[in-house]
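To start, the structure under review is shown below, and the notes come after it.
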Amino acid sequence: MAITYEFIKECKQTGARLGKVHTPHGSFDTPVFMPVGTLATVKTMSPEEIKELGANIILSNTYHLWLRPGEDIIEEAGGLHKFMNWDGSILTDSGGFQVFSLSDMREITEEGVHFRHHLSGEKLFLSPEKATNIQNSLGSDIMMAFDECPPYPAEHEYMKKSVERTSRWAERCLQAHTRPNDQGLFGIVQGGEFEDLRKQSAKDLISLDFPGYAIGGLSVGEPKDVMNRVLDFTAPLLPKNKPRYLMGVGSPDSLIDGAIRGIDMFDCVLPTRIARNGTCMTSIGRLVVRNAKYARDYRPIDEHCDCYTCKNYTRAYIRHLVKANETFGFRLTTYHNLYFLVKLMGQVREAIKNDCLGDFREEFFEQYGFNKPNAKNF
Ligand SMILES: [Zn+2]
């Protein structure tokens, strides 16, 4: 098997899992946050910097790489790792989420999805087989099954049909998968906020024996308490000896709350996207460095951070760069935000080891300001 999960221990206080995922390109400790490199690059960062800040796995988007430069070019280069000079692990999504979120002209059939290119309007078609073949060409360590991700909220009746189709598609992805020895394909549990459908979806997918499972269809606009409730009844449905991945989640509070509910892997564009907007995550809450009040502030972004950015540069300087649209400013904020989340997950793992993730959550939420009324939770 290409992907294996090594369970180390459970936090006695919360039930969170400490583990390790082994892939053909090395191992990573879980719970883990995976930086997103949509177009085979984590925007503004070099792969060497990503490694230096402590990330061992990144995510790339199948939909984007299929359209540009095309998976054949990447395959010819020797695969995505060689193409982008990243020797750590890579997870690719299936393209399903982008088809459903970026394109408004689409038609879903049993065979697959017809839709239009989100920029050019060109007619395109993606199916379970096609999404699997593209990921086989990219050569990612972890591939995702092609699924339907209905918007929130959706009717139970529609969601049931969708879940059943997603299960049939998952089976077709497994059949189309040509490299099971060096790429692990994960199934995606759907079902929206409905407990019976999550159960059905998990049961269908577990019967297909994937090496790992994702929980999809969350972080699509639902309130946080809905997400936590769905995780409360969905995570326990999944096998204990396989990794569990919560897709599209990356705010500090949701990472901690997800880990507490037994999630091992997370990804999100949030830290990199807000960085390019001049917004930083810090140990005492979010800091919008482009604000005027930082014009003469010669302290680092986060006085408790020991990242490259915080060791060397001031709020005043970074504010100036970001205001002037200088690339270096975006590099500095991106570096800090990714470092912040990678370090946070290290703290989460340490707390699980010491059976005190519940206490850690309390302290972190208090310091970060998540307990305040009207707290801006990203
Ligand atoms: Zn920093």
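Note that Cβ sites are derived from N, Cα and C of the backbone, with glycine treated the same way.
Look at TrEMBL and you will find 14-368 tagged as domain 'tRNA-guanine(15) transglycosylase-like'.
The active site, proton acceptor annotation in TrEMBL covers ASP93. Same-chain residues at least 6 positions away in sequence with a Cβ under 8 Å from that of ASP93 (active site, proton acceptor) are, in sequence order, LEU59, ASN61, THR62, TYR63, MET144, MET247.
The substrate binding site annotation in TrEMBL covers ASP93, SER94, GLY95, GLY96, PHE97, ASP147, GLN190, GLY217. In sequence order, SER94, GLY96, THR166, TRP169, ALA170, ILE188, GLN190, GLY216 are the residues of the chain that are 6 or more apart from ASP147 (substrate binding site) and have a CB within less than 8 Å of its CB.
In the three-state DSSP reading, ASP267 (active site, nucleophile) counts as strand. Residues or ranges marked as active site, nucleophile by TrEMBL: ASP267.
The feature Zn(2+) binding site is assigned by TrEMBL to CYS305, CYS307, CYS310, HIS336. Packing around HIS336 (Zn(2+) binding site) is summarised by its Cβ count: 27 other Cβ atoms lie within 10 angstroms of its Cβ, all protein chains included. The DSSP secondary structure for HIS336 (Zn(2+) binding site) is helix.
Annotated substrate site ASP93, SER94, GLY95, GLY96, PHE97, ASP147, GLN190, GLY217; additional same-chain residues within 8 Å of its Cβ mean position, judged by their own Cβ, are PHE100, MET144, ALA145, PHE146, GLU148, CYS149, ILE188, GLY216, MET247.
Among the binding-site residues PHE97, CYS307, HIS336, the ones whose Cβ sits under 6 Å from an atom of ligand 1 are, in sequence order, CYS307, HIS336. For GLY95 (substrate binding site), the nearest neighbour among the binding-site residues CYS305, CYS307, CYS310, HIS336, judged by Cα separation, is HIS336. All protein chains considered, the CB of GLY217 (substrate binding site) has 32 other CB atoms within 10 Å. CYS310 (Zn(2+) binding site) sits 35 Å from PHE97 (substrate binding site), taking the Cα positions as reference. Note: the CA-CA distance between HIS336 (Zn(2+) binding site) and GLY217 (substrate binding site) rounds to 29 Å. Averaged over the domain 'tRNA-guanine(15) transglycosylase-like' (14-368), the predicted model reaches a pLDDT of 97.
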